Amino acid sequence: MWCEKVQNLNTAGRAPLSRPPVHTQTHTHTHTHSADTEERFTHTDTHTHTAQIQRRGSHTQTHTERRYRGEVHTHRHTQSADTEERFTHTDTHLAVEAMSQTLTQNPLEKTWGPWMQSRLNRRRGSSVPQFTNSPTMIVMVGLPARGKTYISTKLTRYLNWIGVKTKVFNVGQYRRQATCSYNSYQFFRPDNEEAMKIRKACAVAALQDVCEYISREQGQVVVFDATNTTQDRREVILNFAKENGYKVFFVESICDDPDIIAENIKQVKLSSPDYAGCDKEEAVADFLKRIECYTMTYVPLDDTKDRNLSYIKIFNVGSRYLVNRVQDHIQSRIVYYLMNIHVTPRSIYLCRHGESELNLVGRIGGDSGLSSRGAKFASTLGTYMRGQCISDLKVWTSHMKRTIQTAEALGVQYEQWKALNEIDAGVCEEMTYEEIQEHFPEEFALRDQDKYRYRYPKGESYEDLVQRLEPVIMELERQENVLVICHQAVMRCLLAYFLDKSANELPYLKCPLHTVLKLTPVAYGCKVESVFLNIEAVNTHRDKPVNVDVDRDPAEALETVPEHI
């Protein structure tokens, strides 16, 4: 079951404490009351908290680490019936050096706990019950050269981007590690008993690693990337999942279009380690014979026999879909995503608006217009895009003035997306980094501690922004050639998706002004071309400082702030 390690924020029967001044303090009290007793105690310090607790009925209450903006309280007390406790205490702040400075927006730690503490106590053939949020195994099914690894890679990238911890287990890599070298298609003949033993052992090893990943690394989704073309192999996977309490969702890629298969072999398979240094024609001939070996034993998912399984069938790279028994929210999102991706060659252009008036003076957010250099960039951008000779180009902007002014100079139709608006800095909107450090030094430090999850007071975090941008990603996957004129934080989120960057890397991706990034999807990734349009602009990129403690010197906090007017 999933166990979430969280902090108790309120005590039963007690109103939550009001937000204190910005500081960190630690209290630990252990006390016992018997019936009809009253205890009053006072601690002396610079400020006073008053609380009244009235309880009816004997109970024991424990709550640990209640955090209010860095304030940590730990209480443990036992009370009997009809007791009343009133206490007033005022505490001296601990020395700053002794304080524990931690970020309040830490991610919840999720752990997959087995149904029984010891697997040895479990009877053979028994299973772990499935829960609503049980880990999910996505099991690929299909002949070679049907795009299974392409789907696995994109799906893993998407799920990690939206915050679902996911990993691919490619059985082909296990096979290459288990064998010295690849000789020919003969290895995949169904009557090659020695090779069949090796292939089965590789699948078992991959399943064992799946279990390790989920139990030790708190993985939420795994993608089991292999052909899995026989009923026996799929039965082994289903039994494994049942024993461990995992959900299974099959993704079968079916393709009978020879042109698509030939293109896949040309683009992907010939660059495989199996054919390193081989003649291309010989490699193609060998691979086609390998496909024939799998075809001999291939049993597709059956609409009748497998009606109790959860799966999606993808025909000819998305020309048709068949979905059966979707179990939960994660599987719904997987289906939605798979029905939006395509393999049509295209390019996605990402750029920020032209330099704005607030950029010049180092202020974040706001809705200012373009500076003179920003207007010049907008004109140059139009010239550059016309030089790309894209007849069906779509242009998207945010609802903010600076992106609209940039798009206007292109002289083409454009669409406005509210989802593309810059990250909301809340109370820090239109402030410089120096002003934020002066007025909100703790907030400034907390953001440096975890820039991805930190949320501005009354504003947003990068994590919030990713969720806001998910519909944009879905539409980008559906479209062909698109120019997105957006903002620094938004561009970082979009770029992190296409380049498969982690949450820690995302907030520090460099997206300079007056530079166009041309993204061209390739087999298992994305090719990036950076084009600077030779219009100077201020630098708005701020690296993470070395010292991120709340008690740091202001000079240390501002050491990475870029220059501005």
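The count begins at 1 with the first shown residue.
Cβ atoms are placed via backbone N, Cα and C, with glycine included.
What TrEMBL records for 1-87 is region 'Disordered'.
Under the heading compositional bias 'Basic and acidic residues', TrEMBL lists 33-48 (among others).
Under the heading compositional bias 'Polar residues', TrEMBL lists 49-61.
What TrEMBL lists as compositional bias 'Basic and acidic residues' is 62-73 (among others).
Taking the Cβ of His353 (active site, tele-phosphohistidine intermediate) as centre and 10 Å as the limit, one finds 29 other Cβ atoms among all the protein chains shown. Summarising the annotation, TrEMBL assigns substrate binding site to Arg352, His353, Gly354, Glu355, Ser356, Glu357, Leu358, Asn359, Arg402.
Marked as active site, tele-phosphohistidine intermediate by TrEMBL: His353.
Summarising the annotation, TrEMBL assigns active site, proton donor/acceptor to Glu422. With a 10 A radius on its CB, Glu422 (active site, proton donor/acceptor) counts 24 other CB atoms from all the protein chains. Classification of Glu422 (active site, proton donor/acceptor) by DSSP places it in coil, neither helical nor stranded.
The Cβ of Gly354 (substrate binding site) lies under 8 Å from the Cβ of Leu370, Ser371, Arg373, Gly374, Ala375, Lys376, Phe377, Ala378, Leu381, Arg402, Gln405, Thr406, Leu513, His514, Ile535, Ala537, each of which sits 6+ residues away along the same chain. Our reading of the substrate binding annotation (Arg352, His353, Gly354, Glu355, Ser356, Glu357, Leu358, Asn359, Arg402) yields a largest Cα to Cα distance of 14 angstrom. Note: the Cα of Arg352 (substrate binding site) and the Cα of Glu422 (active site, proton donor/acceptor) are spaced 10 Å from each other. Taking the Cα atom of each, His353 (active site, tele-phosphohistidine intermediate) and Glu422 (active site, proton donor/acceptor) are about 11 angstrom apart.
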